[in-house]
Structure formats: structure tokens, C-alpha cells
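Colleague: Here it is, the structure in full.
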Amino acid sequence: MHRYRTHTCGALRPSDVGQTVRLSGWCHRIRDHGGVLFIDLRDHYGLTQCVIDSDSPAFKAAETARSEWVIRIDGRVRTRPAGTENAELPTGSVEVYIDDLEVLGPAGELPLPVFGDQEYPEETRLKYRFLDLRREKLHANIMKRGAIIDSLRRRMREGGFFEFQTPILTASSPEGARDYLVPSRVHPGKFYALPQAPQQFKQLTMIAGFDRYFQIAPCFRDEDARADRSPGEFYQLDIEMSFVTQEDVFQAVEPVLRGVFEEFANGKRVTKEFPRITYADAMLKYGVDKPDLRNPLIIADVTDEFADDAVEFKAFKGVIKSGGVVRAIPATGAAGQPRSFFDKLNDWARSEGAPGLGYIVFEEEGGALTGKGPIAKFIPPEIQARIAQKAGAKAGDAVFFAAGTEAKAAALAGKARIRIGDELKLSDTDQFAFCWVVDFPMYEWNEEDKKIDFSHNPFSMPNYDRDAFLALGEEDAEKILGIKAFQYDIVCNGIELSSGAIRNHRPDVMEKAFAIAGYGRDVLEEKFGGMLNALRLGAPPHGGIAPGVDRIVMLLCEEPNIREVVLFPMNQRAEDLMMGAPAEATPKQLRELHIRLNLPEKKG
């Protein structure tokens, strides 16, 4: 017989009745029924009920066992008495009568109970993460994460991609966030950086002549934590392809994501064909560049309607005269809501810094659509009808309004759309709704510096005739601000899984792109000289994307916080409470690295 087990704690079935078995695991729960002890023994694979009474020679040893002690038991498998079966357990129709018991690992007083679903402070959970991970739900999340990553890898290989590994110690690059720096002992005063992403390496892999790259890549960024972003490090499905258009990238990525989500969706529907939504349409219709398509409400622009001379609502008139816009957010079926519903939404809008949300409630009177509400009296019936038509409203619906600069109106309308959809329970949450957001602007006007600046990714290829782009001058500001980039985002349920782009592989186009934004060739050479040199030596057209693995797992595990799908996460301050990181270096380590500390004075 094996030293520790003949079966796992999830393996025994009625066909095993009568066998002598050996199990090892943790005491999940112990129940004392007056001379009879029931021990639920748990391991990675499941849970088995074990029974011992005073007739067993191992009874005294069993009486000493406590929760989370690790024990080994020998015993006979028997059928549970009628009426005591547990249909929720695969092993629930059998139990093991204990003949022998050995304590393999006793446990002290637990700072965090494993049995039950009690909520404990984040600090306690992270400090004793190894205990937290014994809990069924979190344990299942981590196993599901591994299965999802296996599925991603398999689907990428089936799509003709090859897995590469890129360096972890590399050079610092200005990619938006702060780098984590690693001092070099061999080169005093010099530092490596942990990669914020393998961006340059994956492009260099294409320039090196490889065709389809992928990697489950660790990325390191010294930035603040969010619910959907783990501090310090995260993983992404890094993808790059040569000789491809934007549509080729979409066709390669969609089957992978759709397949993985269908595999792990627990019966939820998954978008079959991912719709393409332009950035301009996303900002107009949804108020954000990462729309949640589970919500059916679509925002409409009604600036022209409120600008009509027949409209007497001065608040919106003033906004429009100042160059602002008015957006309409439909609220399906809201006409039947009490006044408190509308007051509550106005209070919410004021908490967002807006004066409120004007609204019209549409009802049918005498066969005609009639608007009621605080601002309806300022708007003639024919204009009300136009507003209802644009907003897709009918009798029984309401329409709310957000006014301000284009950016502020879009932001408020986007938040109001989500809020209204949630309040009225309009969203179809039984699905994973994907979309691509495309046609991002290449440039935008920087009002503060009075100059043209990059809007998003400066290294994406402009969607513009190359010769015409190279010929653009200062007098072509309007044309420049209208240029779109071959840049795209993949969004699921309102969460951005990734940005991607067709890369700017032409040095002449890249130099021009940076010159338009006010960056000289010297700046480009200084910051990205290595990449430019590679591009000058025969670079193929290439593009890619990098969906976030942690966010994918978070969605599929239906967890609101990324911490619940990461094995050993840091806290919000990027501290590992379990291992005590970051920690002070010893004087010897600092001397070897030629580092002298200049710490800020402690406050107070």
C-alpha cells in the first residue's frame, strides 16, 4: 500500500464498497456525535466522509484531531446509512470507517477558517493566502484559471501560432507607466527594467522573420491597483502576426476568445460574430470607448432639436451656444416609475458634478405621443416627437438628457445609460457580449499646450495614404485631426480586454507621425533608436494584440475583483503581506550594488 494514499478524497464510489483504502488530507470539518466522530477529509480532488467510534483502536488519536490538521487514515469503504447520503458530493453515497489514523501535520489556531463562507478583511486573507486558497470557491477559481490558460495555448497553437519566451530583464522604455528597476551588480550605476509588456521584443520577433508569435506573458507596471487590474504584475495573451491587415488579426483572435468563453461560460451565451463599432459611434451611442452591449439602451444626439428656435429651454440653449451638445438617454418602460425614481437619478447626476438630468416622460393621449415632465413645457410637441424618434422612445418610456461639452456630455450620458439600465434591470446579464472598437483618432488637439498631440498609440499605422501623409504640413491641421489609426480594442461586457494595432513599420512614416506631434527625430532616436534601427533593415507589415489573461479569468469566474483569480496577489499598495515584500535590502547587498539610500523624511 502506498505510504500516503490509495485513492484521493474525491475518488470513492459505491463500486469501492468493501475495499480497504488509505486516504490523506485535511480535516475539513469534525463532528462529535457522542462516541462517534465524523471527519470530513479534504484534499485537492474532493471530500470524503470518514467515521470512527470508540471500538476503533484509532479513536483516541482521532479525538486529538482539529480543523485543518493533515492526517492519514486507513479504513473500509461502506455505504452510508439510508437518509444520510449527500447528493451534492460525488462521494456522498459512501463513507470510510477508520481503522488506523496518523497525524501528518498538526495545525495551530487558525487566523482564517477554511470551512464556511465568512468574509474576512483583505489584510488577513492576503497574509494567510495559503489558508484562503484552501477555500472551495477560491481553489476552484485558480484551477479554472489554469484550465483557461491551457485552452488559450491550445487554441493559439491550432491557429498556427508558435509560443516564444522574451526577456524578463530588459531596458527601460517609456510606455506610460513607471518601470520596476533592477540594479546591476556587474555594471555599477546601471539598471535593468522588468518589461511593462513584451511590445518591442514581439515586434523584433516579426522583424527576425518569424510569422505568428504568442506568449502568456508576465508584465510589470508600477501603477496603482484597480478592481480589474492587479498591482505590480499581470499576465496577457501576447500576440503578433506578420503580413496582416487589421481584419486578419480579428479573424485570428475571434475564434480563440469565442472558443474559450464558450468552453467556460457555464451556459451563458457568447457573441458569435463580434460587431465592429467605430470609436466615434461608441462615444456617441454608449458614452464610452468600451461599451457594455448587454445594456440595450443607445444614446442619441439631440443638439439640433434643442437648438431649434421654437424650444425655450434656456439651460440647454446656453450650453449649445457655448459649443456644447445635448445627448438623450432612453429609459425603456420608465413612465410607470414613481417620482422618486427620477429624483434619485437627478441626485446621482448632481453627485457626478452635473446640475442634474432633465427628462421627458412619454405617454399616449388621444392616439398621439405626449411628453410630460419638468422640461416638456419648454418644448413644442413636434420637437418632442423628433426627440422621441431619435431616442427610440415610445409611449411608456422616458428620455433623460445630458448637456455640456462633447466630452462631458458623453461621459455623463454613458454613466447614466449604465445607471438607468441597472435601475430598470434592462441588461441581459446571461451573456458575454463582445465587440471591436475601431477607427481611433490618430491625433487630438491639446488645448492646454495649444498643439496637436497623439490621441492613443503613437506606434500604430495611420489609416491614410502614405505619400499624402508624408506631405502634410502645419496648414493641414484639420486633415491631421481627422486621421484615423489602425488601432483597435476588444471589449467584453464593458471591460476592455486589450488594445491592439497594426504597427507603424515604416521609419519615414514614424518620423513624420512624431514630427506632427512636435517630437524631433533626435527624441525618436534617443528613446526608440533600437527599434528604429531594426525597422530600417527590412521590417514586414505586422500587427497584434494582447488580451489580459487576468481579466478573461475574472469574467469567466464572475468575480468583481481580480484578486479572486490570482494565486498570490499583492494588496492595493503593492505589498505582499505573506512574504513581506517589498523589504529593506541588507547593507551588504546595497554595497555590492553600489547603492546609497536617500530616503524621504518620515512625516509626523
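Heads up, residue numbers simply count up from 1 along the chain you see.
Yeah, the Cβs are placed from backbone N, Cα and C, and that goes for glycine too.
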Colleague: Starting from the ATP binding annotation in Swiss-Prot that includes ARG221, ASP222, GLU223, GLY548, VAL549, ASP550, ARG551, which of GLU273, GLU496, GLU601 is the extra site residue?
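Modeller: The record-listed residue among the candidates is GLU496.
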Colleague: Quick one: what's DSSP say for VAL549 (ATP binding site), helix, strand or coil?
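Modeller: VAL549 (ATP binding site) sits in a helix per DSSP.
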Colleague: Could you tell me which of these binding-site residues, ASP222, GLU223, GLU496, ASP550, has the greatest number of Cβ atoms within 10 Å of its own Cβ?
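Modeller: Output for this query is ASP550.
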Colleague: What is the separation, in Å, between the Cα atoms of ASP222 (ATP binding site) and ARG503 (L-aspartate binding site)?
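Modeller: Rounded to the nearest whole number, the Cα-Cα distance is 25 Å.
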Colleague: Between ARG503 (L-aspartate binding site) and HIS33 (site 'Important for tRNA non-discrimination'), what C-alpha distance do you get in Å?
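Modeller: ARG503 (L-aspartate binding site) to HIS33 (site 'Important for tRNA non-discrimination'), Cα-Cα distance: 69 Å.
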Colleague: Mean pLDDT for the region 'Aspartate' (199-202), rounded to an integer?
Modeller: 94
Colleague: Between GLU223 (ATP binding site) and HIS456 (L-aspartate binding site), what is the CA-CA distance rounded to a whole number of Å?
Modeller: 19
Colleague: These are the recorded positions: GLY83, GLY548. Which one scores highest on other Cβ atoms within 10 Å?
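Modeller: Most Cβ neighbours within 10 Å: GLY548.
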Colleague: If the ATP binders are ARG221, ASP222, GLU223, GLU496, GLY548, VAL549, ASP550, ARG551 per the record, what's the largest distance between their Cα atoms, in Å?
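Modeller: Answer in Å: the longest Cα-Cα distance is 20.
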Colleague: What is the one among the recorded positions HIS33, ARG221, ARG503, ARG551 whose Cβ has the most other Cβ atoms less than or equal to 10 Å away?
Modeller: ARG503
